[in-house]
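Only one structure is covered here, and it is reproduced in the block below.
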Amino acid sequence: LMERLYWVRHRCLQLISTDRRRGWYSSPSSLPPKSSLDAQDPLFQRHKIKELKQSYSRNKVRTTKYTFLSFIPKNLFEQLHRFANVYFIFLGALNFVPIVNAFQPEISIIPIVFVMSITAVKDLWEDQRRRKSDQQVNNLLCDVFDRKQKRYVERRWADVCVGDLIRLCCNEIIPADMVLLHSSDPNGVCHIETANLDGETNLKQRQVVRDLPQQGSEFVPENYSSRIECENPNNDLRRFRGFMEHPGKVRVGLHSENLLLRSCTVRNTETVIGIVVYAGHETKAMQNNSGPRYKRSKLECRLNMDVLWCVVLLLLMCLVAAVGHGFWLSELHNPIFMIPDDTHPALAAFYMFWTMIIVLQVLIPISLYVSIEIVKLGQVYFIQNDLDLYNPVLDTGVQCRALNITEDLGQIQYLFSDKTGTLTENRMLFRRCTVAGTEYPHHENDPQLQAKLNTLSSPMRSPFRQEAAEISHILDFFLALTVCNTVVVSSPTQPRHMPMVRTPLRSLEEMKAMFQKLSLPRFPSSPNRNTDTLPSLTKKLFTRGRPASYFPNSSPQTPIKTLQSPTIPSGTPSDTPPAPVTPALSSGAWGEDRDDIQKAKDNSAESESDDEDEAEELLYEAESPDEAALVQAAKAYGYTLLGRSPEQVLVAVPGTGPLSIALLHVLPFHSARKRMSVVVRHPLTGEVVVYTKGADNVIMELAEPDGFSREIMERTQRHLDQYAREGLRTLCVAKKVLEEQEYKAWLKRHEYAETSIENREELLLESAERLETNLTLLGASGIVDRLQEEVPETIEALQEAGIKVWVLTGDKQETAINIAFACKLIRPTDHILMANCDSKARLQELQHEIRQVTKEGTPEDDSSDSVLVIDGRTLDYALQKELQGSFLDLTCCCRSVICCRSTPLQKSQVVQLVRDKLKVMTLAIGDGANDVSMIQMADVGIGISGQEGMQAVMSSDFAISRFKFLRKLILVHGHWCYARLANMILYFFYKNVMYVNLLFWYQFFCGFSGNTMTNSWVLIFFNLLFTSVPPIIYGVLDKDVSGEMLLEVPDLYKYGQNSEAYLPSTFWLNILDAFYQSLVCFFIPYFAYAGSDIGVFFFGSPINGSALLIILLHQLIESRTVTWIHAALLLFSALFYYAFVLLLSIMCVTCNSPTNPYGIETKVMSEPLYYLICGFTTVLALLPRYYTHISESAHLHTSNENKAAQRLSSRHVPQNFSVNADMPHLTDCIAEAGTVLS
């Protein structure tokens, strides 16, 4: 019976099991032991796999906060995190206690219900938008393999599970994180575009898992039975660790190049197949989706402190009322107007304390927080729609990604800026190069360099033997520029994602035989009339708009083979500069074959002329603008990159045509190494050559200085220094020829590093560093990166506004200094203080020396004319804890600071140090991934959507497209946002305190009984409805100074820097003014009606009317800009109040039990005394505020005019510097600058 039940169980499992996949992933702790799994029945294995997959996350994503059932409780729970909401709920509940209630309990909860309802509706609307977006994503379709049907079927993204085999075509978006199992590319390559993930539009290359049983053939999903184990889900986009165990128990490491990430797009590949390892919220894309950024502004912190002061004031007023009530009761003896009870006066005073808290509750501005959110939304709207901040070229404006810190833009004290791409265009132009110690300016292709290159293709002239080494360096230099990169070549007229076609290319063996026959230089003019010229080859490559990746062995008729001749030496000693490409020429061969050569030249010319019109220009897509500029420069001298595959690079060489260069290894750029290398098999010599390019200081340290190389290095260093002084970005190029045994020994260790599962990154880094030693320096390049427009004017305006500008860059000191001169960060009269120290002790000594110089040269007005320039190594010492204080003291004595050779970590450390130690408001701006940590560390982070992707933008609070927009964003919008919000907050405190004091003064005449002289409806709605809308418009539209004046006089920005609009003294002056106005507003009607027999509500009517007019006209006085919108809303608020109270007086009979306001307002408004009291009270209450405002406005106007006149009189003729290597006058500016200490 048990056996039969066991069979039925497995049969049922077989019928209901979907069993669509066999690969799975798990962490080592959660994966069942392999031995136990293998020992089980296959049906039981399937059931185990199914159970295991159910423990993984589904691919359905949900970014919403709420569900239908959780919305009300969850939203209430979130809103209760605000102290003000808890406070008012407590008061509403307290008013239901009969012994302490002040008025109808139902009315007391109206304000909190109203405010929380508005917030809930806003949250629901935002969540609904997210829900619609989620539905669109989850309903996308993809092809998933179904094992039952044994074919691919369409399924929604939401139905994809871990272990599914998914097939994607070109241009399709990846639905989940997948390990790449198959690619239609014969080399197992897939290109993806990660723009949806990190904003970068350049293509990333991914590789099929190594040693797959089906690799290189058609992928059969049924035959896939490998097992995958990988790390737990995390948010690191550049790391993926795991392994795949094949049926033969062979394990293969899985790494980031095998992983296709969710939200990326497949490009340049017809079909890919992958297995899902992370789904839904476990994918790296969702792990990085942290939602909107939230930062607390400086003004908000100040607001919270003042709310606490209002609480203290409220408690003090309630305490006075409670004590007064106790004394009043103790002095009464059998009053006829009170119902006697046995309550002790002290206990009655205690009850009265809580009653007065209910009565005076509006002292805490419940609507202030909602009003602030609305005002900030309005400010963001006007910032994003400012046409002056719109870039028509990129069709982008300002993006406000953090909605709650707009006012912080008006309080910036320190600005930290990247250089490349932020101050400059990050569009590189090749200007100069130095090869073998000889400098060549790039003026429409340098004639001297062109002449030397022409000797390679000219059959009538051969180089002298003394020129052979130099020409060898030139060839290797440009060959390195062509192949040492990750540039992708594409067609200009067709989409880059078109499927690739196979193009037969010319055999390199034929070229070698031709070279040997003619005994020509290694790069002669091709005599074969069937040789593909560059235009015709380009035409073939892009027949269908395919990218210039190619398949070198795809055509059996004309395969391309790497040249490996036993007659050619296998290696060249690395201690002597190799010159394998310029052997001595045989004169006999020239005479015999001159006619053939001339015919070949004629045929080549005809071929070029035929294809000239049809030739297509190559487009290069590079990960960095530097790479694209170097490849374009090599192309200008005849070295054209035609295509690239993982194994080969196709290069057109002057006079030769396309050469297929075997690409053995690519050692990508790493921030720790500051260089990249490629290992190739030379197409003509067969040697294994390492080409390296990187930062000049790094390459110089790795170069081998001996003999001829030493002289080249010295001359190259002088050229590098000159390039840096001219503001050029410098890059060194070197090579290394490996012996076969040396290469094999390195390859063995490198393959171990590549196949390692643990510590793979560290092992690869060590492997690259072992190879990149004893290099032979080839030369260096100088690339110009032009300043963006209006950068000097922007920095000058920011400095005049009192903002200290620091530049944090990874460039050389000379380059950074030159850029600083060009953008007016350094003036010609400034003292440049250089800090280049090799020890901590030397830094301490230098700081003492510099401090003495700065103290002696500091003028009386504390305006320093010193600029500190510090390199990365010295910055490391300065950031150590024991030197931080002295470093900051030193920087405070300088007008600007330039940190050179700084790493991304150092950038964020500098920002954090200045922000935390100096307690200042900081802003960081950058455009690249290396600026992300700095941007996130600052109080305000601004990203520039430039040439290095969108990572900085995605991590920022605000995003702009040009540095010049920072001027108006900070000086104008920042000032306005701060001034508007500060004044609006002060106005809210004022109007609440003013109205509450009216109720407090009345307690002195009613025995501190907690009664009010107005009905509860007016009391609740006065601050909630009647006077809440005008301040919002005031906070959105008011302009204390025009935008033109703020740009003309940047010194006005210090108003926000010093928090002059919202000082503690300003807050208390507003409170005192509110007390004064409440006294006037209360006692004038009191004395006017003294001795009369009017009722309580009759007495309260002119008080309420006067208070409304005073509060509204007070705002009109404070407004610097009065538009028709202001006037209309003020008039509407007044009319709304009078319409409400009149309707209440006409219609309300029992709505304010136990009192009756029926007919009171109509009666009191029919008497002229009412209007006389209101008018006189309003004028007398506002008179001090009006005269204060007039005097402040006159003083401010005079001050602004004086500052503008002073600025015009002191304005000198601007010196516009252009960062261009062809303008040597820039070096004179540095030489004529002030004192330089080092």
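Each residue, glycine too, has its Cβ placed from N, Cα and C.
The structure displayed is predicted, hence computed values, not measured ones.
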Annotated range (TrEMBL: transmembrane segment) out of 975-995, 1017-1037: 1017-1037
Stretch with greatest number of CB pairs under 8 Å, the transmembrane segment (107-125) reference, 1017-1037, 1094-1113, 1125-1149, 1169-1187 candidates: 1017-1037
Nearest-integer angstrom distance between the alpha carbons (Cα) of ASN930 (ATP binding site) and THR420 (Mg(2+) binding site): 11
Candidates PHE669, GLY810, ARG901 (binding-site residues) with Cα within 10 Å of THR420 (Mg(2+) binding site): GLY810
Recorded stretches the transmembrane segment (1067-1088) and the transmembrane segment (1094-1113) touching, at least 3 CB pairs under 8 Å: yes
Candidates PHE669, GLY810, ARG901, ASP927 (binding-site residues) with Cα within 10 Å of ASP418 (active site, 4-aspartylphosphate intermediate): GLY810, ASP927
Selection from 83-101, 303-328, 1094-1113, 1125-1149, the stretch that has most Cβ pairs under 8 A to the transmembrane segment (1017-1037): 1125-1149
Remote residues contacting the transmembrane segment (348-370) - C-beta distance under 8 A, at least 6 residues beyond either end: 82, 84, 87-88, 91, 94-95, 97, 99-103, 108, 111-112, 115, 118-119, 303, 307, 310-311, 313-314, 317-319, 321-323, 325-326, 329, 985, 988-989, 992-993, 995-996, 999-1000, 1003, 1008-1010, 1012, 1019, 1022-1024, 1028
Distal contacts, the transmembrane segment (303-328) - CB-CB under 8 A, six or more residues away: 83-84, 345-346, 348-350, 352-353, 356-357, 360-361, 363-365, 368, 372, 985, 989, 992-993, 996, 1000, 1003-1004, 1007-1010, 1067, 1071
Cα-to-Cα gap, ASP931 (Mg(2+) binding site) vs GLY810 (ATP binding site), nearest whole Å: 11
Contact set, same chain, for the transmembrane segment (1094-1113): CB under 8 Å, 6 or more residues outside the stretch: 991, 994-995, 998, 1011-1015, 1018, 1022, 1026-1027, 1030, 1077-1078, 1081-1082, 1084-1086, 1088, 1130, 1133-1134, 1137-1138, 1141, 1155, 1157, 1160-1161, 1163-1165, 1170, 1173-1174, 1177-1178, 1181-1182
Fewest Cβ neighbours within 10 Å, where candidates are the binding-site residues THR420, ASN930: ASN930
Around the Cβ of PHE669 (ATP binding site), the count of other Cβ atoms that are within 10 Å: 16
Residue pair GLY810 (ATP binding site), ASP927 (Mg(2+) binding site) - Cα distance, angstrom, rounded: 13
